[in-house]
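The structure appears below as structure tokens.
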Amino acid sequence: MASSSKCAFLVFLCMIVLLAPSEVHAKSMAKAQGGWYLVEGLCSKFPDCNKHCKEQGFLGGQCLKLGVNMLCFCIHT
């Protein structure tokens, strides 16, 4: 019984770490629905995400909820 509660605590701790807001400005890409999405950052930093992404040379962009944050994703195919 004690080991299952320890396991549950570790899973809970990992979820907190993974979902916590991060100030890391590294860009990451994810493949989804036939295209690549580049994460530019928090939508609060890019209020017009679509315009920002087009200025960066991408097809466009949109703010999507990922965890507790709204992130600006630029679309690249």
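Glycine too: its Cβ is placed from the backbone N, Cα and C atoms.
These come from Swiss-Prot:
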type: SIGNAL; residues: 1-26; note: signal peptide
type: DISULFID; residues: Cys43-Cys63; note: disulfide bond
type: DISULFID; residues: Cys49-Cys72; note: disulfide bond
type: DISULFID; residues: Cys53-Cys74; note: disulfide bond
**OP:** Show which residues of the chain containing Cys49 (disulfide bond), separated from it by at least 6 in sequence, have their CB under 8 Å from its CB.
**Re:** Glu40, Cys43, Gly61, Gln62, Cys63, Cys72, Phe73, Cys74
**OP:** Fewest other Cβ atoms within 10 Å: which of the disulfide-bonded residues Cys43, Cys53, Cys72, Cys74 wins that one? Let me know.
**Re:** Cys43
Subject >> Three-state secondary structure, Cys74 (disulfide bond) (per DSSP) >> reply: strand
